[in-house]
Each structure stands twice: as C-alpha cells, then as structure tokens.
Amino acid sequence: MTLFLQELKRGRKVLLIWSLLVAFFVAVCILVYPEMKNMKADFSNMGAFSSAFGLNQFNLLTFFGFYGVECGMIMTLGGSLYAAFIGINIISKEEYEKTADFLLTQPYSRGKVAFIKFIAMQIQVILFNLLMLIAAIICMIIIKQDFLVREFYLIHMAVVFINMVIASISYSLSCFLRQNGTGIGLGLAVLLYFVYLVGNIANHKKLFSKLSPFSLSDTADILTKHVLNGTVIIIWTVVSIVMVCIGLIKYVRKDIY
C-alpha cells in the first residue's frame, strides 16, 4: 500500500496538469455548442474530414453528435497522450532516475513492484477520465443540455478503454527501456490514432478497426448502434494482457542498470 500511494503521489502533478488542460478544451467545446447549431451549411460538405469521422452516418449538429466527435476526439487523444506519458515512464524512470536500487531493497519482489506500479498507473488513468466526466456534466448543466445517459456513458466508456489500452502497451514497453521513453510513448498513441483516421478515409473501416483501439470511439457506431464494438474490445484486451505479461517477464529477468 505504501508503494501504491507513493506512485499516486509522484504522479499527482502530472495528473492535475493534464486533467486541467484537457478539461479546459472539453469545456470550451461544450460551451460553444449553442453557437455551432447555426452553422449547418458549413458542416454540410467537409469532404475527407466527414469520412474520417463518419459524419455522413449521423447528424453532427445534434449535441451528442457534436460531443462525440469534437469532445470525444479531445478526450480520446488527450487522454491517450497522458496515458502513454505515464505508462512509458512508470517502470523505466526508476533506472534513468537512479532510484531502482532503493526501490528494490524494499520488502517487495520485483514482480510485485511492477504489478503495483501497473495498478497505480491505471488508477491515474481512471481518475483522469473521472475528472473529464465531471467537467463535461458541469458544462452540460451550464448550457442546459438534455442528457442522454446511454450515449453519454458509451462515449466515455470508449475513451476510458482506449486510454487504458494505450497505458498498458506503453507500460509493457517501459519494462524494456533504461532511458526516458516519452517520445516512444507519445509516438505510439499518435500512430494508432493516425491508423484509425486513415482507415476511415480509405474506406477500409472493417480492416483498420482491428488495427487501432481508437476505432472503438467511432461516434457513428455509438450513436447508430448504441453499443460499443465487442470485437475491438476483445482484440485489444487480449493484446494489452499479452503485452503486459511480456513486459512483466522482461522486467523480472532483466539486469537493473
């Protein structure tokens, strides 16, 4: 418990900064929605952008159409960058900050240390998303927006899942690193998001949806089917578990320093 709380304490500043930054953009996005409703002509023909986000399958000018695309993109990408940042460094920082010796002299096995860090990382990801949820609800109350519970929570559940997947993959890579891997983690998140966009633009959605967890946040699917893509959830849950296990095995066996 001491190590767990220590990890949460070490990450509180980063959590606060990222949460406030992303929450600010989400708030701005929601608060400007009343003005966006009058811009139907501007949204009627947006070419590749419409294809990338599936806007031809639903009405972007409804609140949850707008929220799912604009705010969803901010929370998904912003949250994934945060998840990648903490995940890629949570193990490796003990080596490049030269604190591994002290940590491993504590009454914990190396495997237990890695597992506790994994749980602490995912708790931080959940806290980040909880703050986004609260910020969104407050802003919806301010603009007196009707609340569609199912759609709202499906959008946020998709964001949480994606963030946790990115955190897990980044964590597994962190077990192999000895240096600061921030660039690798952030690059991974951006690459997977890019794969999702390319798949939509190239009209190969079924294929590319399996290649990126970001496809789970597809607003068109959420608003038209009212359910998350179970296949994507299963695939990326398995990928995450396998990669975390590989990372743990590597960390337990590797030489420190």
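Residue numbers in this text run from 1 along the chain shown.
Glycine too: its Cβ is placed from the backbone N, Cα and C atoms.
If you look up TrEMBL, you'll see 15-34, 46-67, 73-92, 113-143, 155-177, 184-202, 233-252 marked as transmembrane segment.
In this chain, the transmembrane segment (184-202) lies apart from the transmembrane segment (113-143): fewer than three C-beta pairs between them fall below 8 angstroms, excluding pairs fewer than 6 positions apart. A contact between the transmembrane segment (233-252) and the transmembrane segment (113-143) is present, since 3 or more of their C-beta pairs, 6 or more residues apart, lie under 8 Å. A Cβ distance under 8 Å defines the sequence-distant neighbours of the transmembrane segment (113-143), meaning residues of its chain 6+ beyond its ends; these are 3-4, 7-8, 11, 15, 18-19, 22-23, 26-27, 30-31, 33-34, 67, 71, 75, 79, 82-83, 86-87, 90-91, 103-104, 106, 152, 156, 159-160, 163-164, 167-168, 171, 175, 244, 247-248, 251-252.
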